[in-house]
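I have placed the structure first, in the form of structure tokens, so that the comments after it can refer back to it.
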Amino acid sequence: MDNEVTLPVSKWRRFTYVEPPIFLSFVVYGMTGVVFSDLIIFQTCKTIIKTNENCDIIHTNSSSQAAFDLDKLIQPKASYILMYQSLLEGALSAFLSLFLGPWSDKYGRRPVLLIGYIASTCKSILLSILTLWNINPWLFLFASIPSGLLGASSGIILGTMCYISDITNNNNRAWRLGCLQAIYLLGLIIGTFIGPLVFKKFGYTSLFCTAAVFNSISLFYTFIYVPETIHSETNQKWKYLFDVKLVKDLFATSVKKRLGLNRISLWCCIVILLLHVVLMEGHGRIGFLFANAKLGWDAIYYSIYIGISMILTIIGTILALSVFRHYFGFSDATGAMIGTLSGFACAMTLSFTTKPWHMYFGMSIGIFSAIVSPTIRSILSKSAPAEDTGKVFSLTTFLETLLPVAGSSLYSVIYSAYMPPIYPSPAYLLSGGIYFIILVLVIVVDREMIRHQPIIESHNN
């Protein structure tokens, strides 16, 4: 069975294929992320805790002592609901991603993207329906079933990264992956700002209906406009989706010694990406809870903070990947080191936070932390032959989806056991330790890249 890789010719059109739909997808993620946590907290108060306090105080006067006391009762239970949501969405989609990557190497990237957008659309529709009633917060986990079964965000990210690898070469891949990260950060910024405002004015149901519309647009855009980069002669591609041989080939690609494979660099990059995703998932899981319990911030105030943080992150990413790289000649590994040190400083600052300005100071010194992911992914793509890109990214996505489930659960457990006013925050001290491990691994990767000449692609993209 033969397959053929076809690449777009027009340079500017390459930015109009996968970027617009993933931009809308992350707008939705930004719109619903904090508000969904707020929904779980609010419904936990109303249906599980059932205290004499008025639960509306969470929204109307979140910095009052009564709200602080209420949070101490609500947050331990709410954090476990959010933890099980991560387990439900992460474990199943991780299993699916094992097959999607190597399958897409043979049969195309478009189906992987479409499956992901279908799952995201279904989740938004289910949430918009469930929020019509005053129900137990555990029931909202039903909306996560499509994401778990069909992949959702993991499928979208996997398909997008493979697609970009198809239309780039070793010289411009880090830049394109950095642009991709800037695009979805921009989507997160817009979503983070408008989500709480839509919620405050129209409520939960209208917010999730809006999210469903955006996800539907991404789905139809991909279906109608995005061309396939890999064409296969067979018309029976779907029956090979769960072919175990694909998974065997996937692991053989990553562990078997052969020409063109730098195993030390590859596995160090994978571990770095896993640890980095654990950090992002963990911070995302406890960030609002920490700011709410420590500083009395509500969803809107925290969303403003997150939005500003993402703006600075975009500036830092573009500055590091363009100015530093082109004018100072920094390598991918050097960029990853800068990002790691920036993230370490941010985590330690957050751990010792007692005042609002500490949060903003930590945000400022963490401006370069986001460049770890695109620089390491660029190195990862050069550590194996070009024809195995999908397999390598599939294995990475599988582990990135599975391990953060345990990571976010770990953060939830640590946070619940050592909630504010315990000082410094053990959860963010853990982050500092993880960043130190990442720094050591980046140094190892840098030495490997010096010792081994990068893989040269068999065709010039």
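Glycine is treated like the rest: Cβ placed from N, Cα and C.
Summarising the annotation, TrEMBL assigns domain 'Major facilitator superfamily (MFS) profile' to 18-450. What TrEMBL records for 21-42, 78-100, 112-133, 139-165, 177-199, 205-226, 264-280, 300-321, 333-353, 359-380, 392-414, 426-445 is transmembrane segment.
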(request) Mark yes when the transmembrane segment (177-199) and the transmembrane segment (300-321) have three or more Cβ pairs under 8 Å (sequence separation 6 or more) and no when they do not. (result) yes
(request) Between the transmembrane segment (112-133) and the stretches 21-42, 78-100, 264-280, 426-445, work out which stretch tops the count of Cβ pairs under 8 Å. (result) 21-42
(request) Compute the average pLDDT of the predicted model within the domain 'Major facilitator superfamily (MFS) profile' (18-450). (result) 82
(request) Look over the recorded stretches 21-42, 139-165, 333-353, 359-380, 426-445 and say which has the most C-beta pairs under 8 A to the transmembrane segment (205-226). (result) 21-42
